[in-house]
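Take this structure, written in structure tokens, and hold onto it; I'll ask about it next.
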Amino acid sequence: MVKRRITVLGATGSIGTSTLDLLDRAGGAEAFDVVALTGSRNIAGLASAAKRLRAEVAVTADPTRLADLQDALAGSGVSAAAGPQALLDAAAEPADWTMSAIVGSAGLAPTLRAAQRGGTLALANKESLVCGGQLLLDECARSGAVLLPADSEHSAIFQCLRGERSAEIERVIVTASGGPFRDFTLAQMQDVTPEQAIAHPNWDMGVGISIDSASMFNKALELIEAKYLFGLRSSQIEVLVHRQSIIHSMVGFTDGSIIAQMGPPDMRGAIGFALNYPDRPDLPVERVDFAALATLDFTAPDSERFPALRLAQQVLEMGGLAGTVLNAAKEAAMQGFLDRKIGFLTMADLVEGALNVLPCVGEPSDLTSVVELDAAARAYVRAQIC
Ligand code: NAD
Ligand code: MG
């Protein structure tokens, strides 16, 4: 059997290592031709994965770490490369299946490059759709690339829609765990620390998405992601707080019927679905024990405590450029929170300010317009913080 050629962008992160775990379990270098693995600061982790999987090239986004990567790969036969252009070149190398798992808007350009050259694109980097909007879909349409969601909610929606007609979708219910502050009052949320925000009750994830989950900006990004992935109107997309994270999302149809996708809170479910699609081989995830769970809880989301949800609705109406601003302002504000320069609740205030100040109605025409607007939104937020 011909081995599939695989590239993992963001191979050293939480999604990246879960992806490599599935590749290893499925036979690693014996079963796949690994083209490129990319990372940034974790050179030891990147090099050891690249050697184990016999990758053609390992790329660090950080050009100052090229010598370290070369040292770590010496004699292994794996090429080393560094910097933004090397990242784009790696994404452009022919591959059958690419995992897009860089964090933040830094993932957009490499993801677009992978979409341009075709193959299957498993999308964990939701920011590519939030910042780039229609751009990524257009690239996929041009090259014939197959876009498969690797976010648990969107994988769930995709699974619920298998064999269904899009005209018969009435609503999509995106579930949210509510994060570590789901039971906090606004007053309690005022003084929370980055450490508290990073400690997610259900999922073990990277720092950025953990804080986004605490503020529900992650859910905001996911509502926008759902709009593009499934061609939905904003009025069709709902959020439901479901603290156990067993129902990953649901789709309601015109006859009142609802299909839900369930599974344990383990990203290897969604990643494995995208890796093996359309097959469903055994995956190393726990099986749900409903009797042990006893109950599944649901509550309405509260956009007073979590204004990110209200801002997402605004962006859904405004279009992709507003997504660019929301995400860039959110990333800059998150840095301010991590640096302890602003409080947790100020993040949403700054994002709202950026959406009000910057011109951002409609869809981006090209990557340059996204990059420029992204920079303007970050500059606005940084000016407010200092
Ligand atoms: P992470 O922080 O654990 O890993 C990020 C990866 O991106 C690392 O490999 C890092 O080296 C690389 N990276 C960081 N900055 C970079 C830059 N400037 N240029 C190039 N590469 C860079 O993040 P994660 O939790 O794995 O999340 C990755 C993406 O997947 C995010 O878009 C996130 O929203 C999405 N996602 C994550 C989860 C999860 O459970 N972790 C679930 C759904 C979606
Ligand atoms: Mg998700």
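Residue 1 is the first one shown; counting continues down the chain.
Positions of Cβ are set from backbone N, Cα and C atoms, glycine also.
TrEMBL labels come from automatic prediction, so no person has curated them.
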Hey, TrEMBL has NADPH bound by T12, G13, S14, I15, R41, N42, N125, E127. Any idea which of G179, G206, G208 it lists too?
G206
Return the residue out of E93, E195, E222, E238 that TrEMBL annotates for the same Mn(2+) site as D151, E153.
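So, going by the record in TrEMBL, that would be E222.
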Could you tell me the C-alpha distance between N218 (1-deoxy-D-xylulose 5-phosphate binding site) and D151 (Mn(2+) binding site) in angstrom, no decimals?
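Approximately 11 Å lies between the Cα of N218 (1-deoxy-D-xylulose 5-phosphate binding site) and that of D151 (Mn(2+) binding site).
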What is the Cβ neighbour count of K126 (1-deoxy-D-xylulose 5-phosphate binding site) at a 10 Å cut-off, with all protein chains included?
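The Cβ of K126 (1-deoxy-D-xylulose 5-phosphate binding site) has 27 Cβ neighbours within 10 Å.
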Restricting to the domain '1-deoxy-D-xylulose 5-phosphate reductoisomerase C-terminal' (147-230), what is the model's mean pLDDT?
96
Could you give the Cα-Cα distance between G206 (NADPH binding site) and H200 (1-deoxy-D-xylulose 5-phosphate binding site), in whole Å?
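Between the alpha carbons of G206 (NADPH binding site) and H200 (1-deoxy-D-xylulose 5-phosphate binding site) there are 10 Å.
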